[in-house]
């Protein structure tokens, strides 16, 4: 007897499952508020070289001081990273004149002056992460995703070894501790370390929430549960835009996005451990208690234990559990088990490539809020809004066209939209915005599908290891995505071309994966092979 047969008896989608999914959606809201926080935490406002005061400047306005002290770009704006070695007073007579040679131009010598009209402070203004230090600014996001990458490996293994709920609680507690330490950072090094550890902790939340909910839900409602959980990511996206708009100081912004984890820690008390995991690890008595609780909440009276019964383990529910778990738990599994057998090896390699492409293109778009002609707060909010209809449409599509086709085409279309914006001229801001929003919708559709798809591809005994491995590969993509923006110094459109090519290639790999629509969740490796 499979666990799905047991779910039919106790209720595969009743009050019990709805309560679990609602509670697990709370930490899901918090994830994008950290994963996409770099857009606001490390935002770089307009800036120019600081000009030391001179007596000759007494009768000049600030605009005139800048005119004679800082060279201009071809579009007339002042350069951000260069200044004249000596004031060029002749420019007061004719500002259109250009210096005869570049020998009088030098890098900023006295720091920078920032425009604080949009941000009170960011880490860029705090530690001057501009110009030659621009790479360190982008590296902040990379450090975070390196932490997420390491966390995927650690929590993927630990949640299969010690249980889903215990590791989810640990990751939430660590997220609060390291998130608050990040807010208290007094140096760039301290911020880099604490953001890396925060990413490692949050990786456990990202990894465990969906499988823990899915393992309590029947086949018919598995897609709905995956989409519902994913929608709360989009809600977190929109909330990030509003929180960042209200909190313009980076220390307090970190506090504001970390605080909600405390509510998730409290609510986790009402979430049970996965009965599938308990049974697979031989903890049948604990599974029995949770099964009875599920049956009672779902109104299945046949499974209720009456006070007169001296031996509650002889109830009908326990007998089903015992019949289902007729063998002793198998040996221990590790990430190496994902590559030992041929079919599982193919699934692991292909799903890893798909996850890399999904994360690489998603974060490439999500961290380029100013590149599509909209205000960055509005871009963040619109990108969150567009994800919700994309998820709802995917709910229909994955049940009609199947997981494989949906995954492949969502990722390929994401790449094509990114590529289209390379061709569309900059002045066509409205068209570029529409194409970008469509691309963001396809990108989110690909991310929504890949979480659901992957959790169905791997057997229960290896599901968290599989999710940990694919999440590890995805976070490599997330870590590389912000660094690709630095390629604009080679060719202005090279970052977009890179995102486009990777998305199309990885989307094509999805056609090699097996279909899982209306297929029972595999319990052991033999079910896969």
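Note: Cβ is positioned from N, Cα and C throughout, glycine not excepted.
Listed ranges 86-108, 109-131, 224-246, 293-315; the one TrEMBL annotates as transmembrane segment is 224-246. Within the listed segments 61-81, 166-186, 418-438, 439-459, TrEMBL records transmembrane segment for the stretch 166-186.
Confidence in the domain 'Major facilitator superfamily (MFS) profile' (87-517), given as mean pLDDT, stands at 85.
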